[in-house]
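Per TrEMBL, the features are as follows:
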DISULFID  CYS60-CYS81  disulfide bond
DISULFID  CYS104-CYS141  disulfide bond
DISULFID  CYS183-CYS205  disulfide bond
DISULFID  CYS237-CYS264  disulfide bond
DISULFID  CYS277-CYS318  disulfide bond
DOMAIN    53-177  domain 'Corticotropin-releasing factor binding protein N-terminal'
DOMAIN    185-307  domain 'Corticotropin-releasing factor binding protein C-terminal'
SIGNAL    1-23  signal peptide
Amino acid sequence: MPPNFKLQCHFILIFLMALRGESRYLELQETAEYDPFLLFSANLKRDLAGEQPYHRALRCLDMLSLPGQFTFTADRPQLHCAAFFIAEPEEFINIHYDLVSIDCEGGDFLKVFDGWILKGEKFPSSQDHPLPTTERYIDFCESGLSRRSIRSSQNVAMIFFRVHEPGNGFTLTIKTDPNLFPCNVISQTPNGRFTLVVPHQNRNCSFSIIYPVVIKISDLTLGRLHGVQSKKPPAGCGGIGDFVELLGGTGLDPSKMMPLADLCYPFHGAAQVKIGCDNTVVRMVSSGKQVNRVTFEYRQLEPFELENQNGNSIPEFCLSNL
């Protein structure tokens, strides 16, 4: 099965799970008669590279990974709509309102959320995001065009909206800016390599991979002695300052995921683990007293690897649920 098709199927599964749940933040009840994941195609990205700005209609339920200008026009009352935006790991997302024609007094709304929400679970989690949850929402009906441009704090953002009157809607432009020190990231791909650097900042950073994967950590710099410590609850790294933890779960919010392993000490070499969860997170906790860095590779597990739990794996959690 081609990797792009696997990616599309996996995100479709997540959206279907969200559609079956209830959320006080977001309800997606529209039936999609299209493939909202077309823009994840690497070939399409290459084809459109010289044709900016890219234009197309925005759908009631949509996902976009390309900059461009997008217009939503209601053809009937659309009451539960959302669009998810994802950029490269080293990019911020800029959302600019070009034109907005909605009836706020009549119950319409248009809101930006700094991150993603599915079934009430947030990425980044409240523990990892620099803003409190209430400040991560920007409501057009409250701010108007005084906040015409909004920049995300990481490589994902979303809007959700309600438009009652046919013909009303909005146009927005999506651009990206470079992020020199990406902190919270959702990977677009099931395979890759990344270096997470936290330079003298008291913050927590999560790198999310929405696949069961093998992770190989090749370098960890924390400024302490060499070694790797496996998770043995209730003991862990929390008492010694900065550390990296591996998390696994079925939702989006790292704070609600299961801690699987702690890496408490610097090392250079190879530490590999197989994690068969729907979502795998590499999370760095930093005190701000030093420069922390972790380099890792990841690839999606093949079906036969999910069945074979031998080797350095986490068999007691997630694998039995796939």
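Positions of Cβ are set from backbone N, Cα and C atoms, glycine also.
Of the recorded residues, CYS183 (disulfide bond) and CYS81 (disulfide bond) place their C-alpha atoms 28 Å from one another. A simple Cβ count within 10 Å picks out one of the disulfide-bonded residues CYS104, CYS183 as the most packed, and that one is CYS183.
Of the listed disulfide-bonded residues CYS60, CYS81, CYS141, CYS264, the Cβ environment within 10 Å is emptiest of other Cβ atoms at CYS141. The C-beta environment of CYS205 (disulfide bond), restricted to residues of the same chain at least 6 apart in sequence and closer than 8 Å, consists of ASP128, PRO182, CYS183, ASN184, LEU196, VAL198, ARG283, MET284, SER286. The Cβ neighbour count for CYS277 (disulfide bond), using a 10 Å radius over every protein chain in view, is 26. The Cα atom of CYS277 (disulfide bond) lies nearest to that of CYS264, taking the disulfide-bonded residues CYS60, CYS81, CYS104, CYS141, CYS264 as the candidates. Mean predicted confidence for the domain 'Corticotropin-releasing factor binding protein N-terminal' (53-177): the pLDDT average there is 95. The two recorded residues, CYS264 (disulfide bond) and CYS81 (disulfide bond), show a Cα separation of 43 Å. For the domain 'Corticotropin-releasing factor binding protein N-terminal' (53-177), residue counts in helix, strand and coil come to 12 helix, 67 strand, 46 coil, using DSSP. If you take the Cα of CYS141 (disulfide bond) and the Cα of CYS81 (disulfide bond), they are about 16 angstrom apart, rounded to a whole number.
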